[in-house]
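After the structure tokens below, expect a handful of questions from me.
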Amino acid sequence: MGDAVTASASLGATPGPEGAAAPVLAISGVSMRFGAVQVLFDIDFDLRAGEVHALIGENGAGKSTTMKILAGYQPPSGGQVLLDGAPVDFAGSQQAEAAGVVMIHQEFNLAQQLTVEENIFLGRELRRGPFLDHRRMQAESRALLERLNCAVDPRAAVSDISVPNRQMVEIAKALGREARVLIMDEPTAVLTTRETEILLEQIDRLRAAGTAILYTSHKLDEVARIADRVTVLRDGRHVLTAPASDLSTDRMAEVMVGRELSDLFPPKPLPGDETVLKVEGITIPGLIHDAGFTLRRGEVLGFAGLVGAGRTELMEAIVGLRHAAGRVEIKGQQLAGGSVRAARQAGLVYLTEDRKEKGLLLGKDLTQNLTLLALDRFTNLLIDRQAEAAALDRAITEFDIRAGDRGMNVGNLSGGNQQKLLLAKTMLAEPDIVIIDEPTRGIDIGTKQQIYAFIAALAAAGKSVIVVSSELPEVIGLSNRVAVMAEGRIAGVLEGDEINEQTIVRLAIGMAGSEARAS
Amino acid sequence: MTKTATSPATRASPTVNLHVLGPVLALLLLIALGAWLNPNFLSYGNVTNVLARSAFIGIIAVGMTFVITAGGIDLSVGAMAAFVAGLMILAMNSLIPIMGVGIPVILAGMAVAMVAGFIAGWLNGFLVAKVGIEAFIVTLGSMGIYRSLVTWIADGGTLSLNFDLRTLYRPVYYDGILGVAWPIIVFAAVAILGEILMRRTAFGRHCAAIGANEQVARYSAVNVDRVRIATFVLLGMLVGLATIMYVPRLGSASGSTGVLWELEAIAAVIIGGTVLKGGFGRVWGTVIGVLILSLIGNILNLASLVSPYLNGTIQGVIVILAVVLQREKKAAGAR
């Protein structure tokens, strides 16, 4: 209602003394079961004004459910939700929002066709008489976005702005709603390092203004940087709550996984000499300019670059998902453009970064997802359902997919298991060359390690792998060579000792291109 | 609202079974009601009559199931049937001077119907898949076009099949084998093949994948355009087949042939549990949907309990009820 810009600042008067502040929002003894499956056991968790409390755990540890209970999306099966010390029973997220508890989802809750301003003020539009007061809403939206150092025009449609900017709009929307408690579900999963830094600064500012913040991320260095306290969940149970200053990131990872983590990356297998993929002169006007590279048998080629550098677009062009000029050769044979099917038949497959929208049918069961890409291998006029079931058995064992029930919808699997299923689906096509885009986005560290081991095993078995990733340690830890993209061009291809963070970042932001190429 | 909305695990509970069995139970209930209201209801004559009449809509509705499962819709099927019937009659009449009255003329007429259905379906599919116009708009347009074309070739009146030829063609609707009428046999065959196609072939799987999420299908090397066109072509050809069974019944076609068939077909598909937005379809459900719709009309005619003029009202209520049930299932299946 009131002046949104100053609202949360005025709340700065309320927090009590540092550290001893009473919890604004808490859950006590909360358990949660879905049918026969219990996902939370007797969880205590609290959020204090002026504090960032990180909630970490592997996929499926119960973080999402805990957050949803706190934000009023789900009533707990047992236990209490306490607001300012008094039990509440949120009848839904709207009621929680009215009480100042706002959750920012990993998948954005923005109306794509509406403008930024309309989204920020959705449901609480400012009026002048019977009409909308666009001018004031725009001004306030602009002010909110400025606080986030986000230069998006409030009049732009959400569908036209970049993914990181959408994240900022989500946060601006929450700020505009005078949030006392902000629940952030992996806000940095889609942000670059620089954007993450801006977000973390903003979180600092909100904390100083007295907002209670729940923060989740798989990136433990961020957690160490921003959190005051850390709570770890494992398998639906509370394991630890401690001041962040007492925990190293290694310790956090160990507590999350429940065992000591050996080296995250397996040793790199040596590639062969034979060139299996040769890409020349790929150009998509405005996106990719004259990109070319080669890939050898048994090689892992990393692709690094900032978000928006064109890595995904280049890969989509290579496998025929986008129309582009240029030439793709697989084992000396030119690949017909524009056909995913032709690429797959030539042994080249692409595993998308967007597993929920492009990778898996969330409303279908495991089997139908697993065999969709390679359905022809199971079809002889009719689909051989026994062979499909056998393939699912194998995939579940080989990729360690943990599903409660084989008939369950894939949308109900945790992110890590979805990713493993997507890998299994891709490998079912028996490719020689696999392009994996963001292999571990939104995935816990234990599953990451499994996926890294899998990629190394693929290369060792003579397959060739392209790993596109925004996580530099991943690219560095897995790749024999690293191609760095900047603004639609391949800025350089690094080998051996050149593969280090500094060189990659310099290339990615468009510095020192010639220097690296000179080698 | 309901507790099921937040609990994925209740999916496997009786709610779903009710969703699966709902249409079957409704059908059984209707049959029991009909038998109780009128002893003639279960007589051979009445059963044959109901089934044969529902065969046209039924054959079309099976094709519609594929179109809807793949995320499309086709509003043009009623008008298309009228147009194909008009073309078929016109072709047969004009072939009589050359070929004489005989079975070859009828076979030629059947071929015309199938080819016309194929072309009409392909046009719809091409405009949807390749030109990228929404199926609703494309078929709304083609509905108007076919409706006006048939009125035009009939010159505003009725196109009648040559009388002698009609006598020869009549058995295709009225006769059968072992007392089962041809339309029923054809409908049953189409339904069984359709069920197999939907459940057991890559084509059916691809239809559901496209309807569920076109992007995922594209990224999974499914030829989305081709599958989508194929659903419309299949439907067009089934319209042709339905017309082949329909023409011998009256031996004529006019601007009012097949009016509202598209809505009945779509309603049957929805009652059967296929999701209107696509992604999930079942042919056997559609068959039950067709039977439910035609039984309602039949019962109202036989029993003087409610005016037959209220047929549409009751059918409408059933359609809406079916969708409400569908929505509850979806809420239960949500993440």
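In case you wondered, yes, glycine gets a Cβ from its N, Cα and C as well.
So TrEMBL has the following annotated:
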type	residues	note
TRANSMEM	B:20-38	transmembrane segment
TRANSMEM	B:50-70	transmembrane segment
TRANSMEM	B:77-96	transmembrane segment
TRANSMEM	B:102-123	transmembrane segment
TRANSMEM	B:135-154	transmembrane segment
TRANSMEM	B:174-197	transmembrane segment
TRANSMEM	B:227-247	transmembrane segment
TRANSMEM	B:259-276	transmembrane segment
TRANSMEM	B:283-303	transmembrane segment
TRANSMEM	B:309-325	transmembrane segment
Give me the stretch from B:50-70, B:77-96, B:174-197, B:227-247, B:259-276 with the greatest number of Cβ pairs under 8 Å to the transmembrane segment (B:102-123).
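If we count Cβ pairs closer than 8 Å to the transmembrane segment (B:102-123), B:227-247 scores highest.
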What residues elsewhere in the chain lie close to the transmembrane segment (B:77-96), defined as a C-beta under 8 angstroms and at least 6 residues from its ends?
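Those are 56, 60, 63-64, 105-106, 108-110, 112-113, 116-117, 120-121, 142-147, 149-150, 153-154, 159-162, 165, 235-236, 239-240, 242-244, 246-247, 251-263, 265, in sequence order.
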Have the transmembrane segment (B:259-276) and the transmembrane segment (B:309-325) got at least three CB pairs under 8 Å, pairs 6 or more apart in sequence?
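Touching, yes - the transmembrane segment (B:259-276) and the transmembrane segment (B:309-325) meet the threshold of 3 or more Cβ pairs under 8 Å.
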State, in range form, which of B:20-38, B:50-70, B:174-197, B:227-247, B:283-303 has the highest count of Cβ pairs under 8 Å to the transmembrane segment (B:309-325).
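Comparing B:20-38, B:50-70, B:174-197, B:227-247, B:283-303: B:283-303 has the most Cβ pairs near the transmembrane segment (B:309-325).
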Counting CB pairs under 8 Å, which listed stretch among B:20-38, B:174-197, B:227-247, B:283-303 touches the transmembrane segment (B:50-70) the most?
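Out of the listed stretches, B:227-247 contacts the transmembrane segment (B:50-70) most.
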Which of B:20-38, B:174-197, B:227-247 shares the most C-beta pairs under 8 angstroms with the transmembrane segment (B:283-303)?
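Between the stretches B:20-38, B:174-197, B:227-247, B:20-38 has the largest tally.
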Is the number of Cβ-Cβ pairs under 8 Å between the transmembrane segment (B:174-197) and the transmembrane segment (B:227-247) three or more, considering only pairs separated by 6 or more positions?
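The answer is yes, given that the two segments have at least 3 Cβ pairs within the 8 Å cut-off.
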Do any residues of this chain, six or more beyond the ends of the transmembrane segment (B:20-38), have a C-beta under 8 angstroms from a C-beta of it, and if so which?
271-273, 285, 288-289, 291-292, 295-296, 298-299, 302-303, 305, 318, 322, 325
